[in-house]
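Below is one structure; the comments refer to it alone.
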Amino acid sequence: MPFVIVSGLSGSGKSTALRTLEDAGFFITDNLPPELWNAMHDLVTARGIENVAVSTDTRTREFLAALEPSYVRLSRRREDLRVLFLEANAEVLLGRYNLSRREHPLGETLMVDFARERELLAPLRGIADTVIDTTDLSAAQLSQRVMHLFRLEHAFTLRLLSFGFKHAPPRDADLVLDVRSLPNPYYDETLRSKSGRQPDVAAYVFRDAEAEQFYGELRHFVQTAAERARASGRHSYTVGIGCTGGQHRSVAVAERLLRELQASSIETELMDHRDMREGGEPT
């Protein structure tokens, strides 16, 4: 994996690019002067860290004079050295700054700052392997471009959580589903004290064609929602599945979804059966 130097104009998306690399497992250092690039290489190499990304921009302008010798030395030591430079037109940068209300690192009027910044960073742009114009890119699109550029796998996990509505829906769920229309094992005395993890309870929940149809449509909806979340750049998506008490139906549905979605292309895990009690009725 490469040693990546990320640079570019303020507001062009450097933070998004760094965050994308960090989420992909890179060791990240922001605002590192060129004079310290080689020291960083020594540090991470000594600790066996292979995936490294650093950013350098006009916040370290006092040190940019050391750019060329630092780059030449590092490029001789790292055959996998990559330089990514981000830019955008002045109007878009101005709009982004107006939204963020941040002060430009050069501290002058913004349009003057942008012109001066381009001048200061011209040497970095000149050594860049890749220049990305983010004028027409959203943060999610830029993240996808960075993932593609470095051939990174986008880590995504679908998390399932069963619960009982009488205990309140989970606050951290991205999507809450109601499965109370499924057959309720609570009304079968032989099943009441069991949980939806047990085969005879699950068989009761999915006992007829209507229940199977309901489950099939629910699974398709969950899978579609997860795929769209992954495509948008999300790294996780939490689905809460609720019945009345959180003991039977929601547990059975969550367990079945877990088994079937794990066999698909979506990494799926069970967070918790929040309100289930093994060997007893739900509280």
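From the backbone N, Cα and C atoms, a Cβ is placed for every residue, glycine too.
Database features (Swiss-Prot):
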| type | residues | note |
| --- | --- | --- |
| BINDING | Gly8, Leu9, Ser10, Gly11, Ser12, Gly13, Lys14, Ser15 | ATP binding site |
| BINDING | Asp57, Thr58, Arg59, Thr60 | GTP binding site |
Structural state of Ser15 (ATP binding site), classified by DSSP into three states: helix
So around the ATP site, Gly8, Leu9, Ser10, Gly11, Ser12, Gly13, Lys14, Ser15 aside, which residues have their CB within 8 A of the centroid of those CB atoms? Asp57, Leu86, Glu87, Ala88, Leu93, Thr134
Counting distance between Cα atoms, which of the binding-site residues Ser10, Gly11, Ser15 is nearest Asp57 (GTP binding site)? Ser10
List the same-chain residues at least 6 positions away in sequence whose Cβ sits under 8 Å from the Cβ of Lys14 (ATP binding site), in sequence order, or say none. Val6, Ser7, Gly8, Ser55, Asp57, Leu86
Between the C-alpha atoms of Thr58 (GTP binding site) and Leu9 (ATP binding site), the distance in angstrom, to the nearest integer, is 8
Here the 10 Å Cβ neighbour count for Asp57 (GTP binding site) comes out at 24
If you draw a 10 Å sphere around the Cβ of Leu9 (ATP binding site), how many other Cβ atoms fall inside it, taking every protein chain shown into account? 24
Number of Cβ atoms other than its own within 10 Å, given for Gly13 (ATP binding site): 26
For a quick check of packing: other C-beta atoms within 10 Å of the C-beta of Ser15 (ATP binding site), how many? 13
For Thr58 (GTP binding site), the three-state class that DSSP assigns: helix
